[in-house]
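A short write-up of the structure that comes next.
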Amino acid sequence: MMSSKEARSLKVDNRPKYYGREYHGMISREEADQLLSVAEGSYLIRESQRQPGTYTLALRFGNQTRNFRLYRDGKHFVGEKRFESIHDLVTDGLITLYIETKAAEYIAKMTINPIYEHIGYTTLNKEPTLKKHLPVCQEVPDGPAPQGELGDEEKGLTSLVRRATLKDNDHATKYEKVHNFKVHTFRGPHWCEYCANFMWGLIAQGVKCADCGLNVHKQCSKMVPNDCKPDLKHVKKVYSCDLTTLVKAHHSKRPMVVDMCIQEIESRGVQSEGLYRISGFSDLIEDVKLAFDRDGEKADISVNVYEDINIITGALKLYFRDLPIPLITYEAYPRFMEAAKITDPDKRLEAHHEALKLLPPAHCESLCYLMAHLKRVIQNEKDNLMNAENLGIVFGPTLMRAPDLDAMTALNDIRYQRQVVETLIKNEDILF
């Protein structure tokens with residue numbers, strides 16, 4: 001960059017308010033190159049002569065001037081990373097250019113022999129590959145599984161080593177889960193937990209799994225297997241949490257909300273008229289939701305606290321509505337819709353059976369448990385006046401949502417959603 005004395009003396013008209021003395025107005029590439037040739041790492045911003053109103057960051061690196069189209073949406077950026085200041089953008093850029101230039105061959109090879117394969121839970125906690133085509137989930141005991149005795153020192157371990165201490169046991173839930181990686185800015189020096197190499201850059205040096213805390217390079221994240229083991233310190237709520245994430249974090253077979261609400265409803269009897277059709281008081285349903293988010297399996301939903309059974313049924317329905325990925329997933333939705341439209345009863349049943357194979361195991365297990373419960377509800381139709389068709393109307397849009405369909409198509413799907421749930425309830429013993 002020009003000396004501060006020269007920069008201060010330079011008069012530039014129409015300088016955007018978010019640029020400082022690095023802005024040199026509408027100058028050519030050649031002029032920028034000449035100005036920057038005095039020092040490695042110098043930079044300036046110029047306005048495009050061909051496209052007025054657009055800006056270019058010119059940066060001197062490796063004895064040549066590099067030009068980057070510069071953008072701003074409240075923060076400055078030339079790629080994915082956003083920066084508060086041009087100085088930070090340039091600093092991060094110089095670090096990245098230096099690393100990628102001087103260590104290009106090393107970077108290309110750093111995922112070949114990852115430490116993840118040797119000390120990660122891929123070694124100590126090998127789980128059998130889930131057979132996605134099986135609609136019936138593997139049998140595991142109800143309730144939380146033993147986690148082993150871990151000392152206080154575990155709290156200070158990295159996520160990778162923490163997971164290496166989670167010994168495999170016969171009671172752990174064998175559900176596969178992908179990592180939920182998010183771009184992350186690490187404070188201070190940080191190393192990738194996949195390849196053990198330094199994570200470079202000023203900000204957004206890598207990605208962090210929001211569910212288990214695994215820290216890796218962005219390029220390494222593509223190599224990490226789908227073996228996320230959510231940590232409760234990262235999974236801070238029950239409602240609106242991904243279903244598989246929740247059950248893996250709590251080492252349970254199904255979400256606690258599903259088990260506890262259904263057990264509470266059945267303990268009071270399923271003869272209540274209009275069960276699931278009649279709504280409970282919304283404020284009290286919200287209280288149940290907050291209790292689960294706050295206390296987890298220790299939440300008290302007994303008759304002593306919530307006398308009206310419709311509050312418990314309402315809390316269960318709300319849990320399914322709040323799932324970010326519906327119980328009947330977006331991936332499986334079209335297949336279920338196709339199945340519902342088949343007129344031949346035997347072929348329709350077989351199509352539902354095939355559609356169930358698309359569900360993740362945790363979703364399949366929860367759906368199976370719910371359908372068995374609703375089957376017991378319709379067996380008491382004489383008292384509760386609820387049949388499979390009525391429950392289909394209630395649970396159709398609760399358990400499945402159209403993936404990005406237009407309003408008219410989504411509206412037409414409602415009757416098929418009802419028919420899907422009705423079929424699953426009536427044939428629960430055959431399909432699951």
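Residue numbering: from 1, along the chain as shown.
Glycine too: its Cβ is placed from the backbone N, Cα and C atoms.
The domain 'SH2' annotation in TrEMBL covers 22-90. Across the domain 'SH2' (22-90), the DSSP tally of helix, strand and coil residues reads 13 helix, 25 strand, 31 coil.
What TrEMBL records for 178-228 is domain 'Phorbol-ester/DAG-type'.
Taking the domain 'Rho-GAP' (241-432) as a whole, pLDDT averages 94 in the prediction. What TrEMBL lists as domain 'Rho-GAP' is 241-432.
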Helix, strand and coil residues within the domain 'Phorbol-ester/DAG-type' (178-228) as assigned by DSSP:
4 helix, 13 strand, 34 coil
